[in-house]
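According to Swiss-Prot, the protein has these features:
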type     : residues : note
MOD_RES  : 51       : N6-(pyridoxal phosphate)lysine
ACT_SITE : 78       : active site, nucleophile
(Lines of atoms letter the chains of each structure in order from A and count residues from 1; the text may use other names and numbers.)
(Lines give C-alpha, C1' and ligand atoms only; values in the text may rest on other atoms or scores of the structure.)
Protein backbone atom coordinates (compact mmCIF):
# COMPACT_ATOMS: atom_id res chain seq x y z
CA UNK A 1 0.00 0.00 0.00
CA UNK A 2 1.39 3.39 -0.98
CA UNK A 3 -0.22 6.42 0.63
CA UNK A 4 3.06 8.31 0.79
CA UNK A 5 3.08 9.16 -2.91
CA UNK A 6 0.23 11.62 -2.33
CA UNK A 7 1.23 15.10 -1.12
CA UNK A 8 -0.21 16.12 2.24
CA UNK A 9 -0.60 19.66 3.57
CA UNK A 10 -0.39 19.62 7.39
CA UNK A 11 -3.52 21.03 9.01
CA UNK A 12 -3.57 18.83 12.13
CA UNK A 13 -1.41 18.62 15.25
CA UNK A 14 -0.17 15.12 14.35
CA UNK A 15 -1.38 11.69 15.50
CA UNK A 16 -4.61 12.04 17.46
CA UNK A 17 -4.65 10.67 21.01
CA UNK A 18 -6.28 7.39 21.97
CA UNK A 19 -8.18 7.68 25.26
CA UNK A 20 -9.37 4.73 27.36
CA UNK A 21 -13.06 5.04 28.23
CA UNK A 22 -12.64 3.24 31.53
CA UNK A 23 -15.74 4.42 33.37
CA UNK A 24 -18.01 3.80 30.39
CA UNK A 25 -16.50 0.34 29.94
CA UNK A 26 -17.08 -0.48 33.61
CA UNK A 27 -20.62 0.89 33.50
CA UNK A 28 -21.41 -1.47 30.63
CA UNK A 29 -20.17 -4.52 32.52
CA UNK A 30 -16.40 -4.39 32.10
CA UNK A 31 -16.24 -7.27 29.61
CA UNK A 32 -15.35 -5.04 26.65
CA UNK A 33 -12.58 -2.42 26.71
CA UNK A 34 -13.67 0.82 25.03
CA UNK A 35 -11.30 3.46 23.71
CA UNK A 36 -11.79 6.68 21.75
CA UNK A 37 -9.50 8.11 19.09
CA UNK A 38 -10.01 11.84 19.36
CA UNK A 39 -10.34 13.21 15.84
CA UNK A 40 -12.37 15.97 17.49
CA UNK A 41 -9.11 17.25 19.00
CA UNK A 42 -6.97 16.98 15.87
CA UNK A 43 -6.42 20.62 14.92
CA UNK A 44 -6.29 24.20 16.12
CA UNK A 45 -8.40 25.29 13.16
CA UNK A 46 -11.91 25.98 14.48
CA UNK A 47 -12.16 22.76 16.52
CA UNK A 48 -10.97 20.48 13.68
CA UNK A 49 -12.63 17.13 13.08
CA UNK A 50 -12.55 14.34 10.56
CA UNK A 51 -12.89 16.61 7.51
CA UNK A 52 -9.70 18.43 8.48
CA UNK A 53 -7.80 15.14 8.17
CA UNK A 54 -9.36 14.64 4.72
CA UNK A 55 -8.59 18.20 3.62
CA UNK A 56 -4.88 17.60 4.16
CA UNK A 57 -4.93 15.57 0.94
CA UNK A 58 -7.22 17.92 -1.03
CA UNK A 59 -5.41 21.17 -0.32
CA UNK A 60 -2.19 20.29 -2.25
CA UNK A 61 -4.38 19.72 -5.31
CA UNK A 62 -6.17 23.05 -4.75
CA UNK A 63 -2.86 24.87 -4.46
CA UNK A 64 -1.46 23.16 -7.55
CA UNK A 65 -4.53 24.33 -9.48
CA UNK A 66 -3.94 27.88 -8.17
CA UNK A 67 -7.47 28.03 -6.80
CA UNK A 68 -8.41 31.11 -4.81
CA UNK A 69 -11.82 30.03 -3.46
CA UNK A 70 -12.84 26.85 -1.66
CA UNK A 71 -16.48 25.96 -2.43
CA UNK A 72 -18.24 23.37 -0.29
CA UNK A 73 -21.69 22.27 0.81
CA UNK A 74 -23.55 20.76 3.76
CA UNK A 75 -26.53 21.26 5.99
CA UNK A 76 -27.13 24.37 8.05
CA UNK A 77 -25.11 22.91 10.94
CA UNK A 78 -22.51 21.22 8.73
CA UNK A 79 -19.19 20.37 10.36
CA UNK A 80 -17.72 20.01 6.87
CA UNK A 81 -18.42 23.60 5.88
CA UNK A 82 -17.07 24.96 9.18
CA UNK A 83 -13.81 23.05 8.66
CA UNK A 84 -13.52 24.21 5.04
CA UNK A 85 -14.07 27.81 6.18
CA UNK A 86 -11.32 27.41 8.78
CA UNK A 87 -8.85 25.98 6.28
CA UNK A 88 -9.64 28.73 3.78
CA UNK A 89 -9.01 31.40 6.42
CA UNK A 90 -5.78 29.67 7.45
CA UNK A 91 -4.54 29.64 3.85
CA UNK A 92 -5.71 33.15 2.96
CA UNK A 93 -8.27 31.88 0.47
CA UNK A 94 -11.88 32.86 -0.09
CA UNK A 95 -14.67 30.48 0.86
CA UNK A 96 -18.20 29.96 -0.46
CA UNK A 97 -20.48 27.64 1.51
CA UNK A 98 -23.83 26.30 0.39
CA UNK A 99 -25.92 25.42 3.45
CA UNK A 100 -29.00 23.37 2.58
CA UNK A 101 -31.98 22.61 4.82
CA UNK A 102 -30.98 19.02 5.56
CA UNK A 103 -32.59 18.69 9.00
CA UNK A 104 -36.30 18.94 9.81
CA UNK A 105 -35.67 20.80 13.03
CA UNK A 106 -37.31 24.13 13.83
CA UNK A 107 -35.52 26.43 16.22
CA UNK A 108 -35.40 30.23 15.85
CA UNK A 109 -31.61 30.32 16.25
CA UNK A 110 -30.72 27.14 14.33
CA UNK A 111 -29.13 29.07 11.44
CA UNK A 112 -27.38 31.63 13.67
CA UNK A 113 -25.41 29.56 16.18
CA UNK A 114 -22.99 26.65 16.17
CA UNK A 115 -21.12 25.68 13.04
CA UNK A 116 -22.74 28.23 10.75
CA UNK A 117 -21.98 31.04 13.20
CA UNK A 118 -18.31 30.04 13.23
CA UNK A 119 -18.18 29.88 9.43
CA UNK A 120 -19.54 33.42 9.20
CA UNK A 121 -17.05 34.62 11.82
CA UNK A 122 -14.23 33.21 9.69
CA UNK A 123 -15.37 35.25 6.71
CA UNK A 124 -17.08 32.63 4.58
CA UNK A 125 -19.75 33.62 2.07
CA UNK A 126 -22.60 31.55 3.52
CA UNK A 127 -25.52 30.87 1.17
CA UNK A 128 -28.67 29.38 2.68
CA UNK A 129 -30.63 27.13 0.30
CA UNK A 130 -33.99 25.47 1.12
CA UNK A 131 -33.19 22.12 -0.57
CA UNK A 132 -33.47 19.00 1.61
CA UNK A 133 -31.04 16.24 2.58
CA UNK A 134 -29.10 14.30 -0.04
CA UNK A 135 -25.55 12.92 0.09
CA UNK A 136 -24.92 13.18 -3.66
CA UNK A 137 -23.69 15.98 -5.94
CA UNK A 138 -26.05 18.95 -5.59
CA UNK A 139 -27.18 21.48 -8.17
CA UNK A 140 -26.95 24.30 -5.61
CA UNK A 141 -23.26 23.52 -5.14
CA UNK A 142 -22.61 23.40 -8.88
CA UNK A 143 -24.34 26.77 -9.22
CA UNK A 144 -22.10 28.20 -6.49
CA UNK A 145 -19.00 26.97 -8.33
CA UNK A 146 -20.24 28.61 -11.53
CA UNK A 147 -20.98 31.88 -9.72
CA UNK A 148 -17.37 32.09 -8.54
CA UNK A 149 -16.13 31.51 -12.09
CA UNK A 150 -18.49 34.17 -13.44
CA UNK A 151 -17.09 36.64 -10.90
CA UNK A 152 -13.55 35.96 -12.12
CA UNK A 153 -12.52 33.63 -9.31
CA UNK A 154 -10.83 30.25 -9.42
CA UNK A 155 -13.03 27.88 -7.39
CA UNK A 156 -11.92 24.56 -5.96
CA UNK A 157 -14.79 22.07 -5.55
CA UNK A 158 -15.10 20.26 -2.22
CA UNK A 159 -18.27 18.11 -2.15
CA UNK A 160 -20.23 17.18 0.97
CA UNK A 161 -18.00 15.39 3.45
CA UNK A 162 -15.18 15.57 0.88
CA UNK A 163 -16.63 12.21 -0.10
CA UNK A 164 -17.23 12.49 -3.84
CA UNK A 165 -13.81 14.08 -4.30
CA UNK A 166 -11.34 11.65 -5.96
CA UNK A 167 -8.94 12.08 -3.02
CA UNK A 168 -11.60 12.10 -0.28
CA UNK A 169 -10.79 8.65 1.12
CA UNK A 170 -7.05 9.14 1.58
CA UNK A 171 -7.11 10.85 4.97
CA UNK A 172 -8.64 7.86 6.70
CA UNK A 173 -6.30 5.41 5.05
CA UNK A 174 -3.78 7.47 7.00
CA UNK A 175 -5.94 7.10 10.11
CA UNK A 176 -5.55 3.31 9.90
CA UNK A 177 -1.80 3.56 9.47
CA UNK A 178 -1.69 5.89 12.47
CA UNK A 179 -3.69 3.42 14.59
CA UNK A 180 -1.29 0.60 13.69
CA UNK A 181 1.66 2.69 14.84
CA UNK A 182 -0.12 3.50 18.11
CA UNK A 183 -1.02 -0.16 18.64
CA UNK A 184 2.65 -1.05 18.31
CA UNK A 185 3.56 1.75 20.72
CA UNK A 186 0.99 0.72 23.35
CA UNK A 187 1.27 -3.05 22.89
CA UNK A 188 -2.37 -3.72 22.03
CA UNK A 189 -4.56 -4.46 19.01
CA UNK A 190 -8.12 -3.29 18.46
CA UNK A 191 -10.65 -5.93 17.53
CA UNK A 192 -13.22 -3.46 16.21
CA UNK A 193 -13.33 0.15 15.07
CA UNK A 194 -16.69 1.96 15.36
CA UNK A 195 -17.35 4.96 13.12
CA UNK A 196 -20.31 7.10 12.09
CA UNK A 197 -21.19 7.00 8.38
CA UNK A 198 -23.23 9.36 6.23
CA UNK A 199 -21.43 10.52 3.06
CA UNK A 200 -19.08 7.57 3.31
CA UNK A 201 -15.46 8.54 2.73
CA UNK A 202 -14.41 8.30 6.38
CA UNK A 203 -15.46 4.66 6.64
CA UNK A 204 -14.27 3.97 3.09
CA UNK A 205 -10.77 5.17 3.90
CA UNK A 206 -10.72 3.13 7.10
CA UNK A 207 -11.83 0.00 5.24
CA UNK A 208 -8.94 0.35 2.80
CA UNK A 209 -6.44 1.20 5.52
CA UNK A 210 -7.42 -1.69 7.78
CA UNK A 211 -7.71 -4.10 4.84
CA UNK A 212 -3.92 -3.97 4.78
CA UNK A 213 -3.84 -6.02 8.01
CA UNK A 214 -7.01 -8.06 7.53
CA UNK A 215 -9.40 -5.89 9.53
CA UNK A 216 -11.55 -4.33 6.79
CA UNK A 217 -14.72 -5.97 8.09
CA UNK A 218 -13.85 -5.01 11.67
CA UNK A 219 -14.62 -1.39 10.78
CA UNK A 220 -18.21 -1.11 12.00
CA UNK A 221 -20.04 1.76 10.37
CA UNK A 222 -23.01 3.18 12.25
CA UNK A 223 -25.37 4.74 9.74
CA UNK A 224 -26.63 8.22 10.64
CA UNK A 225 -28.03 9.09 7.22
CA UNK A 226 -31.29 7.12 7.51
CA UNK A 227 -30.76 6.46 3.78
CA UNK A 228 -28.53 3.41 4.27
CA UNK A 229 -28.71 2.02 0.73
CA UNK A 230 -27.26 5.27 -0.63
CA UNK A 231 -24.64 5.42 2.10
CA UNK A 232 -23.58 1.79 1.63
CA UNK A 233 -23.26 2.26 -2.14
CA UNK A 234 -21.17 5.38 -1.66
CA UNK A 235 -18.89 3.77 0.95
CA UNK A 236 -18.29 0.79 -1.33
CA UNK A 237 -17.60 2.88 -4.42
CA UNK A 238 -15.24 5.26 -2.62
CA UNK A 239 -13.41 2.37 -0.93
CA UNK A 240 -12.84 0.61 -4.24
CA UNK A 241 -11.57 3.79 -5.86
CA UNK A 242 -9.31 4.58 -2.90
CA UNK A 243 -7.93 1.02 -2.86
CA UNK A 244 -6.81 1.50 -6.45
CA UNK A 245 -5.24 4.88 -5.67
CA UNK A 246 -3.05 3.50 -2.87
CA UNK A 247 -2.25 0.16 -4.56
CA UNK A 248 -3.89 -1.92 -1.84
CA UNK A 249 -3.28 -5.08 -3.82
CA UNK A 250 -6.72 -6.60 -3.41
CA UNK A 251 -10.31 -5.82 -4.30
CA UNK A 252 -12.76 -4.36 -1.81
CA UNK A 253 -15.74 -6.72 -1.55
CA UNK A 254 -19.29 -6.16 -0.37
CA UNK A 255 -18.43 -8.19 2.74
CA UNK A 256 -15.78 -5.61 3.67
CA UNK A 257 -18.46 -2.94 4.11
CA UNK A 258 -20.22 -3.34 7.46
CA UNK A 259 -22.97 -0.79 8.07
CA UNK A 260 -25.30 -1.09 11.07
CA UNK A 261 -28.59 0.63 10.25
CA UNK A 262 -30.35 0.38 13.62
CA UNK A 263 -29.42 3.75 15.11
CA UNK A 264 -30.10 6.43 12.47
CA UNK A 265 -33.76 7.11 13.22
CA UNK A 266 -36.02 8.92 13.17
CA UNK A 267 -34.22 10.63 10.28
CA UNK A 268 -31.00 12.44 9.45
CA UNK A 269 -30.11 15.09 12.00
CA UNK A 270 -32.79 14.19 14.54
CA UNK A 271 -31.87 12.21 17.66
CA UNK A 272 -33.88 9.34 19.12
CA UNK A 273 -34.06 8.47 22.81
CA UNK A 274 -31.09 6.12 22.48
CA UNK A 275 -29.03 8.91 20.93
CA UNK A 276 -29.81 11.26 23.79
CA UNK A 277 -29.15 8.62 26.45
CA UNK A 278 -25.77 7.86 24.88
CA UNK A 279 -24.83 11.55 24.68
CA UNK A 280 -25.66 12.10 28.36
CA UNK A 281 -24.09 8.84 29.53
CA UNK A 282 -20.78 9.50 27.80
CA UNK A 283 -20.74 13.11 29.00
CA UNK A 284 -21.46 12.20 32.63
CA UNK A 285 -19.17 9.18 32.85
CA UNK A 286 -16.23 10.39 30.77
CA UNK A 287 -16.58 14.15 30.23
CA UNK A 288 -16.59 13.39 26.50
CA UNK A 289 -19.14 15.33 24.48
CA UNK A 290 -20.92 14.05 21.37
CA UNK A 291 -23.57 15.57 19.13
CA UNK A 292 -27.13 14.54 18.17
CA UNK A 293 -26.47 14.32 14.41
CA UNK A 294 -23.42 12.08 14.11
CA UNK A 295 -21.36 11.04 17.11
CA UNK A 296 -24.32 10.62 19.45
CA UNK A 297 -25.70 8.05 17.03
CA UNK A 298 -22.42 6.15 16.67
CA UNK A 299 -21.94 6.27 20.45
CA UNK A 300 -25.47 4.87 20.85
CA UNK A 301 -24.57 2.12 18.40
CA UNK A 302 -21.41 1.16 20.24
CA UNK A 303 -23.08 1.20 23.66
CA UNK A 304 -26.03 -0.86 22.46
CA UNK A 305 -23.81 -3.41 20.75
CA UNK A 306 -21.89 -3.86 24.02
CA UNK A 307 -25.16 -4.32 25.91
CA UNK A 308 -26.38 -6.88 23.38
CA UNK A 309 -23.16 -8.88 23.62
CA UNK A 310 -22.28 -8.27 19.97
CA UNK A 311 -18.62 -7.71 20.87
CA UNK A 312 -16.94 -10.81 22.26
CA UNK A 313 -15.82 -10.66 25.93
CA UNK A 314 -12.28 -9.32 26.08
CA UNK A 315 -12.67 -7.30 22.88
CA UNK A 316 -10.92 -3.97 22.52
CA UNK A 317 -13.15 -1.52 20.65
CA UNK A 318 -11.91 1.79 19.24
CA UNK A 319 -14.52 4.52 18.87
CA UNK A 320 -13.57 7.09 16.22
CA UNK A 321 -14.74 10.42 17.61
CA UNK A 322 -15.06 12.49 14.44
CA UNK A 323 -16.09 15.83 16.00
CA UNK A 324 -19.42 17.63 15.77
CA UNK A 325 -19.62 19.24 19.20
CA UNK A 326 -19.86 22.83 17.81
CA UNK A 327 -23.38 21.95 16.62
CA UNK A 328 -24.62 21.30 20.18
CA UNK A 329 -25.67 24.91 20.71
CA UNK A 330 -28.09 24.59 17.78
CA UNK A 331 -29.90 21.89 19.77
CA UNK A 332 -29.91 23.77 23.07
CA UNK A 333 -33.66 23.31 23.57
CA UNK A 334 -33.18 19.54 23.72
CA UNK A 335 -30.49 19.87 26.37
CA UNK A 336 -31.96 22.78 28.32
CA UNK A 337 -31.91 20.66 31.48
CA UNK A 338 -28.72 18.79 30.63
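Backbone N, Cα and C atoms are what each Cβ position is placed from, and that goes for glycine too.
Residue 51 (N6-(pyridoxal phosphate)lysine) sits 11 Å from residue 78 (active site, nucleophile), taking the C-alpha atoms as the reference points. Within the same chain, residues at least 6 positions away in sequence whose Cβ sits under 8 Å from that of the residue listed as 'active site, nucleophile' are 97, 99, 102, 115, 116, 160. Every protein chain considered, the tally of other Cβ atoms within 10 Å of the Cβ of the residue listed as 'N6-(pyridoxal phosphate)lysine' stands at 35.
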